[in-house]
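K.L.:
Copied straight from TrEMBL:
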| type | residues | note |
| --- | --- | --- |
| REPEAT | B:73-114 | repeat 'WD' |
| REPEAT | B:163-204 | repeat 'WD' |
| REPEAT | B:205-248 | repeat 'WD' |
| REPEAT | B:249-290 | repeat 'WD' |
| REPEAT | B:300-334 | repeat 'WD' |
| REPEAT | B:335-365 | repeat 'WD' |
| TRANSMEM | B:382-406 | transmembrane segment |
Amino acid sequence: HVTNDANQRALSKEWQKSDIIARMQDEKSGIPIRTVKSFLTKIPSVFSGSEIVQWMIKNLDIEDQVEALHLGTLMAAHGYFFPISDHVLTLKDDGTFYRFQTPYFWPSNCWEPENTDYAVYLCKRTMQNKARLELADYEAESLARLQRAFARKWEFIFMQAEAQAKVDKKRDKIERKILDSQERAFWDVHRPVPGCVNTTEVDIKKSSRMKNPHKTRKVVGVLLPFLLRSRLITMKHRREQTGLLFLAVIVNRHRLKMSKVAESLLAYTEQYVEYDPFLTPPDPSNPWISDDTTLWELEASKEPGQQRVKRWAFGIDEVFKDPVGREQFLKFLESEFSSENLRFWLAVQELKKRPIREVPTRVQEIWQEFLAPGAPSAINVDSKSYAKTTQNVKDPGRYAFEDAQEHIYKLMKSDSYSRFIRSSAYQELLQAKKKVQNTKSFPSLFTPSCSDKYSTGGRADVVLLRYL
Amino acid sequence: VLNFKYRGSPLIPEMATQEVQLNETLAHLKTESETLKSKLEEERAKLHDVELHQVAEKVEGLGQFVMKTRRTLKGHGNKVLCMDWCKDKRRIVSSSQDGKVIVWDAFTTNKEHAVTMPCTWVMACAYAPSGCAVACGGLDNKCSVYPLSLDKNENLAAKKKSVAMHTNYLSACSFTNSDMQILTSSGDGTCALWDVESGQLLQSFHGHAADVLCLDLAPSETGNTFVSGGCDKKANVWDMRSGQCIQSFETHESDINSVRYYPSGDAFASGSDDATCRLYDLRADREVAIYSKESIIFGVSSVDFSLSGRLLFGGYNDYTINVWDVLKGTRVSILFGHENRVSTLRVSPDGTAFSTGSWDHTLRVCDDCYFLSNLTTLQPRVTFLVTSCNVCCFSLFFFFLSDLGLRMRTQRMKW
């Protein structure tokens, strides 16, 4: 599966960041880069932290300084720009100087440097007699460790470091300053200061696909003999054909208009807003805030609260979801001597939850109880489903009763369920807690259904009402 | 296969022409596929009469939310990769890169069980519906089930049961509504349904062209479907009974890391490396919303809905959690706090909180800060009151003035 797409993929993940960097570096609309004179030296090609923050607030849809600092710090931590006088890569909203990283060192190039490269770099640093290029403590420690690890090939590493130092000396002074800082920033990303996040760490699910995209390309194109190539092509054929069949089927499927779908989504959220603890504080309180588990204890009890009973009227699935709802529905049907439909439906649901080993026996039991001629809890299914089920039972699987179950579900939904909601038993449950709640709750100016508790979970508008 | 060396013998002319023919038919199939794909987009576009956020203009805005961390769970020695809630609304199972799987009572922050897996990178874990077992897996290409014992001293690893076997890493796993079946997705490009007791493969699902990274079961009591997302940028909806793919969506620009059903089961959200979350509706058979900002440039690792479906929580690779208004498409909150990538995010079963796991080795349980959130939504109402009072006063004043003017005029007329 791995093709040159993997490389493309890695690049496309980074395009958004490089797009922002490109805009930052734009001559006209980007951050102004300048050379700053300091003491006896010049600091080339820099801009300040505040300038970055200002640019972000002005040019991106960022609302405040906190967000700008967060994004900026991440871009620095990934190595797109860096503070020139600090190994720790963060963005500060002040006069601290920053420089852009050269694209050669961008993380989107995805090359992971080896420890030998780091050893050469640190060695080279020790050869340069400038105070500003002295090794930090953690770097000195790393160098010592690498010297021990590569003791046998140290001569080779030293030679490389020497060669690089020679090339560097030939460069222009200003150019050297810039390149040195960029190289240092590169290593700050790949060998970060202890305690800092290493942003080059990759999710293993992605890294295994990023490795060696080139190898597979070459192999498929050139080295494979004819027979194996034709095998690959027939596999691709098959995949294309199944893909085509799938497309042909779904092109003409039934679809709803967006307007209808949107209305439906709106209606659903409207209906459930009072049950959503993020939008309506739960009654009596949210356990995570108040450290009081009463809410969970109430839900576990057999006595359902009014809000919970109200939910059963939203649809038959709500009754089935709630174990107390199922119980009440069953009780109601038993009082009408018509509980076999629900019992069948529940039995089939249970069947699908059993281990596969138990399935054949359970299928027989269900058949005998509900569908066989002379069954004690005989249910009525249409002839088509009955015929199909009779066949299925001969070779019993988890879905043996699927058609029958669907038919019974539709029957319950259109008939028994609506009677249950209209029944006095249900209405009683609905009214049960209302009286108790009325004496406690205060009418609110802003929302009719409002919690009366003024604990940390309470609502500010009710508090305001008291003062009014 | 791919390492086979070319033997160097010359190709027979017949074989050469055969190869050319095969390539031609393949190209032909591909063009047919492209035609059908554009026809599919045409059909979908015909019913695109309005945007979701346009219809949502009539809904009241949510204002800004303030979220707060209520619990921090410390104990993992390396990146937290996955977590799942227990149905009891307070327990959590989490897995990490160092091979440890920990069961917590998040309410008290106590660790209740710990297992060390024989592999590193345990990328998937799930709690059984009964609360009596957990499943986990990762680089070992397997999914194993551990029954949880009440005896704290018992060695959980001894009772381990190997259930699923894939040919590449396990990316996600989930129990169906029973302890007896597990659904898995893998880097080998397939999903599979397993019988826990016997380890038997009940159904396999083929169709993704690359690693499958995530899955979610439809919330219905009667439904038999689930959705999966993969590195081929596709989100596929599957029929569990037949193993067939029944719907497919391909609008993301990069890997889909997380998929989650909308609570009604009619839609699902996805989070991707392209830094966007998207909402797809199954009845309209199309993408209906994109949740993105210019300043959000890091990938989304995980998404989940609040109970009503009005809020979408996204955990991002830039260490933050962004909260979106699903209907209006705007961001209503941003939560800082983690010191490294957020790798996993789930809302609790009763929606009272959400939990996140991160590469900074910790898990957090977060909540809405009701008082502060309501204060900001209160302000528009208060200003409305004040303005309307002012308007009333002014209009009364003007009425009084005009009334006075009228009386004066009638007086003059009398004269």
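Yeah, the Cβs are placed from backbone N, Cα and C, and that goes for glycine too.
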K.L.:
Please work out the helix, strand and coil residue numbers for the repeat 'WD' (B:249-290) from the DSSP assignment.
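P.N.:
Per-class counts: 0 helix, 23 strand, 19 coil.
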K.L.:
Of the listed stretches (B:205-248, B:249-290, B:300-334, B:335-365), which one yields the highest count of Cβ-Cβ distances below 8 Å with the repeat 'WD' (B:73-114)?
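P.N.:
By Cβ pairs under 8 Å, B:335-365 leads among B:205-248, B:249-290, B:300-334, B:335-365.
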K.L.:
Give me the DSSP three-state residue breakdown of the repeat 'WD' (B:205-248), ordered helix, strand, coil.
P.N.:
0 helix, 22 strand, 22 coil
K.L.:
Report the mean pLDDT of the predicted model across the repeat 'WD' (B:249-290), rounded to a whole number.
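P.N.:
Summing pLDDT over the repeat 'WD' (B:249-290) and dividing by its length gives 97.
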